[in-house]
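Written below as structure tokens is the structure these notes are about.
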Ligand code: SAH
């Protein structure tokens, strides 16, 4: 028999919020049982109504706030806040930074058991609005009208929106203009339930330093009705456009981009700069969405790498070579590894574009390629990792421990997996010197951090000798 839950559905209770979930909901604990309540902020006292109870957690609705957080700010649109990727809009920017910095400290202690690690104050933005250089919005139809905006969380209902507070104005304008043109030309929207119709997504990406705009039209069918008119109108109404791309995604899937990509007009890529390094960005490449803070992050990574010009460096999870090319300016040699072959092609092209000849790139899984290099006798003095949210693969961490690069610079978009991986590296002989959180995604719960580790001693784990 399982124990009865400490709360019942429809019950009204008083709580104090302790934390935030990934979606920015307040977390309160009732006898250890977590209750997630949208719009609750840490430190606030409130009356809530329990509206759902599950085995591991419950959901509540905020009824009355007894004590407000000093960081709470009034917001204009609760829809946008709830669904538009601005989960922290109701917290002042100062409050957001405090929350993220504390989160890094807490997980490093709780998950990483790193009691005395130096965590610097988070580096935030001077202007935390309109920073995203890319948007991809789903298209649908409502009452016979073309709509585009964002999905409600955990649903496939599209909310029609005209503006985002976190996208660059050029990106907002591009999306709105293309949406209007598609509507005027009566290009049929895609219907998810029936898997019929044409237009699935509109994507726009803007090179903030170069002023170059790319528009990508994603359709279910290879045929794009009114293709020529569409292109003409986009060119006429969006003077910054340099590239118009058509991507076909015929599958029933949540993945946005599909199997076939062709250039409808202009260049296959747009360009942008991070610092002095120029990047060619194609429709499918990963490129950091906040270029201003990317520079801040990479400068920190470069500082932590402490390069003198003599080192050989491995950049694992290198994407289109952004960090690698940054590092190559100060290293003897850089080797980048990335699982997406197209990104590696971009990385090579980017090296050439910048006249950088001391960077090499390999396509493959970091946890396969780097152990292979190591077995072949190729090591590095500095190793940089920038993994996706799930963190580094255990096999890669083990290879790092065996290879013993003098320094490891860990760029992370998820403090929890960063903390987990730092623990493993510490047990393997590394010491975390310091950690710098960087706010790459204001108004959202996402938090980036870069950690600097030095190899200090033999691993704590002693493997028993074979008998
Ligand atoms: N350092 C780059 C990209 C970081 S995003 C930048 O700053 O722009 C993480 C990257 O890891 C993505 O490009 C993703 O395709 C890649 N990736 C995911 N799993 C991987 C794996 N197992 N091995 C190598 N690369 C991987």
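Placed from the backbone N, Cα and C atoms, the Cβ positions cover glycine too.
Under a cutoff of 8 A between CB atoms, and with a sequence separation of 6+ in the same chain, the neighbours of residue 413 (active site) are 388, 389, 440, 446, 447, 448. Per TrEMBL, the feature active site maps to 413.
In the three-state DSSP scheme, residue 413 (active site) falls into the coil class. Here TrEMBL flags 413 as active site, nucleophile.
Taken from TrEMBL, the feature S-adenosyl-L-methionine binding site applies to 288, 317, 338, 386. Within its own chain, residue 386 (S-adenosyl-L-methionine binding site) has 315, 316, 317, 318, 319, 323, 411, 412 as residues 6 or more apart in sequence whose C-beta sits under 8 angstroms from its own. In this structure, residue 386 (S-adenosyl-L-methionine binding site) belongs to neither helix nor strand by DSSP; it is coil.
The domain 'TRAM' annotation in TrEMBL covers 6-64. In this model, the domain 'TRAM' (6-64) carries an average pLDDT of 95.
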Recorded positions close to ligand 1 - of 317, 338, 413, only those whose C-beta is under 6 Å away: 317, 338
For the S-adenosyl-L-methionine site built from 288, 317, 338, 386, further residues of that chain with CB within 8 A of the site's CB center: 286, 315, 318, 319, 322, 323, 387, 411
Protein Cβ atoms within 10 Å of residue 338 (S-adenosyl-L-methionine binding site), excluding its own: 27
